[in-house]
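Student: Below are the features listed in TrEMBL for this protein:
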DOMAIN    35-453  domain 'Major facilitator superfamily (MFS) profile'
REGION    1-20  region 'Disordered'
TRANSMEM  28-51  transmembrane segment
TRANSMEM  71-89  transmembrane segment
TRANSMEM  101-119  transmembrane segment
TRANSMEM  131-148  transmembrane segment
TRANSMEM  155-177  transmembrane segment
TRANSMEM  183-204  transmembrane segment
TRANSMEM  268-291  transmembrane segment
TRANSMEM  303-323  transmembrane segment
TRANSMEM  330-351  transmembrane segment
TRANSMEM  363-387  transmembrane segment
TRANSMEM  399-419  transmembrane segment
TRANSMEM  431-449  transmembrane segment
Amino acid sequence: MERPERTEVGFTTTDPLLSTGGDTPASATLAVVFSTLVAVSGSFVFGSAVGFSSPAQNGIIKDLDLSVAEYSVFGSIWTIGAMIGAVMSGKLADLFARRGAMGFSELFCLLGWLAIIFGKNALWLDIGRLLMGYGVGIISYVVPVYIAEITPKNLRGAFTTVNQLMICCGVSLMYVVGVIINWRLLAVIGAIPCIIQLLGLFFIPESPRWLAKAGQWKECEASLQRLRGKDANISEEAAEIKEYTETLQKLSEAKLIDLFHKKYAHSLIVGVGLMVLQQFGGVNAIAYYASSIFESAGFSGRIGSIAMVVVQIPMQVLGVLLMDKSGRRPLLMVSAAGTCLGCFLLGSSFLLQDLQLWKSSPFLALVGILVFTGSFSLGMGGIPWVIMSEIFPINVKGLAGSLVTVINWFGSWIVSYSFNFLMLWSSEGTFFIFSAVCGVTVMFVAKLVPETKGRTLEEIQSSFT
């Protein structure tokens with residue numbers, strides 16, 4: 001197909017940090033960096049919501065005279081909200097555009113935080129947590145998709161992984177600050193990123209790929225020019241987006257049953273498989289119950305939790321730096337192998353403790369959890385979301401993304417709910433099961449997950465069909 005002549009678009013508010021053109025790898029412009037920072041403010045909200053319940057537990061129970069059962073409802077009800085939000089996330093992102101969906105989700109998160117800040121009883125706290133979960137369920141899908149759709153192909157992996165980095169930062173901030181301040185003030189801190197994103201959304205461009213899907217070609221080119229810089233040659237990228245979108249528009253509107261068509265089978269298996277393996281590898285069991293795991297193994301829960309934070313963020317930063325250098329596949333396999341080793345060491349520590357064969361088994365538990373946490377942060381935490389945002393064609397991305405996100409949240413609920421029962425059955429057996437799942441993940445990636453580094457979204461999606 002003959003490429004159309006470049007359309008000159010003068011609308012831009014930023015210049016590129018480094019000039020681009022032709023086949024030269026694109027550099028990050030101020031527009032891309034700022035748009036990404038605004039988007040991942042939502043990821044920070046996500047992390048803050050995850051990290052809030054643990055440091056706030058004692059204060060809330062004391063101030064509102066809640067039972068442990070009532071607080072357990074407060075801590076877990078947000079997962080239900082997140083699943084509801086995830087079901088609707090793809091449709092909302094297609095209907096209201098990516099920016100609109102982010103703004104919509106943040107309104108619910110903000111209302112949720114306000115209900116917690118001013119709540120006087122368990123009901124208001126539960127309503128707030130449910131609203132927050134609904135907003136986070138939408139955020140967990142739309143943020144990585146938006147970032148993937150605005151960034152150049154050579155930077156897409158690193159920028160999309162910042163989503164997971166900011167989730168880690170949100171969790172860590174809540175853990176650290178929550179030790180020294182009142183839980184209501186902690187909720188105020190959690191609400192601040194909601195306001196930042198709501199205001200920032202007025203100053204960032206819409207996804208050019210969503211605009212193309214909506215038939216807004218002039219706006220698509222204007223958005224792309226703004227993102228790539230006023231002096232960048234966008235003709236080739238714009239033509240590729242237009243050609244691919246026009247091809248997809250010839251197809252009928254996708255329905256849920258269409259996802260199970262043969263041509264989408266590979267991408268669906270990869271997307272769903274990575275999310276299932278991520279969750280059943282034990283991440284949320286360790287994240288939610290780290291203190292009790294440490295104490296069960298005979299180690300200080302407070303020291304162990306701080307050590308996890310110290311390891312987690314640097315490894316997440318390393319993963320961001322390596323994403324577009326090493327590629328997705330190698331980083332995923334190394335990360336999954338590390339989580340396999342971490343769970344094996346943790347299971348071994350409980351086995352040695354039960355058999356009373358080694359007095360230093362608590363130290364082995366610490367090493368196991370730190371190896372798992374560091375390895376997970378390196379790749380398994382963020383890369384499944386990166387790949388999810390890359391592999392589905394635009395005509396089914398909303399439906400497929402919603403399905404994958406719901407499965408992720410459902411897996412999170414299953415693991416977090418069943419973990420205590422599994423530990424009563426067998427502590428070592430629980431972590432040996434997690435280790436086996438992580439080992440299967442290495443083989444799954446090696447056999448089925450393609451490398452997407454350095455390829456446009458259109459090239460990736462075409463290779464799956």
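Going from the start of the chain as shown, residues are counted 1 onward.
Keep in mind that glycine also has a Cβ here, set from the backbone N, Cα and C atoms.
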Student: Counting a contact as 3 or more Cβ pairs under 8 Å, with residues at least 6 apart in sequence, do the transmembrane segment (431-449) and the transmembrane segment (71-89) touch?
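Tutor: Output no: the transmembrane segment (431-449) is apart from the transmembrane segment (71-89).
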Student: Which sequence-distant residues neighbour the transmembrane segment (28-51)? Criterion: at least 6 residues beyond either end, Cβ under 8 Å.
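Tutor: Answer is 12-17, 78, 102, 105-106, 109, 112, 132-133, 135-136, 139-140, 142-143, 146-147, 150-152, 155, 159, 162-175, 178, 189-190, 193-194, 196-197, 200-201, 203-205, 226-229, 232, 287.
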Student: Under a Cβ pair cut-off of under 8 Å, which of the recorded stretches 101-119, 155-177, 183-204, 399-419 contacts the transmembrane segment (131-148) most often?
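Tutor: By the under-8 Å Cβ criterion, the transmembrane segment (131-148) pairs most with 101-119.
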Student: Residues of the same chain, at least six outside the transmembrane segment (101-119), with any C-beta under 8 angstroms of its C-beta?
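Tutor: For the transmembrane segment (101-119), the nonlocal Cβ contacts are 39, 42, 45, 49, 64, 85, 89, 92-93, 95, 125, 127-139, 142-143, 146, 184, 187-188, 190-191, 194-195, 197-198, 201.
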Student: Taking 155-177, 268-291, 363-387 as candidates, which has the most Cβ pairs under 8 Å with the transmembrane segment (399-419)?
Tutor: 268-291
Student: Do at least three C-beta pairs under 8 angstroms join the transmembrane segment (363-387) to the transmembrane segment (183-204), pairs 6 or more apart in sequence?
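Tutor: No, the transmembrane segment (363-387) does not contact the transmembrane segment (183-204).
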Student: With pairs closer than 6 in sequence left out, are the transmembrane segment (268-291) and the transmembrane segment (183-204) joined by 3 or more CB pairs under 8 Å?
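Tutor: Contact between the transmembrane segment (268-291) and the transmembrane segment (183-204): absent, because fewer than 3 Cβ pairs are under 8 Å.
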Student: For the transmembrane segment (155-177), what are the same-chain contacts with Cβ under 8 Å, counting residues 6+ beyond its ends?
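Tutor: Sequence-distant neighbours of the transmembrane segment (155-177): 26-28, 32, 36, 39-41, 43-52, 54-55, 143-144, 147-148, 186, 189-190, 193, 287, 305, 309, 312-313, 316-317, 319-321, 323-324, 328, 377, 381-383, 385-386, 389-390, 452-453.
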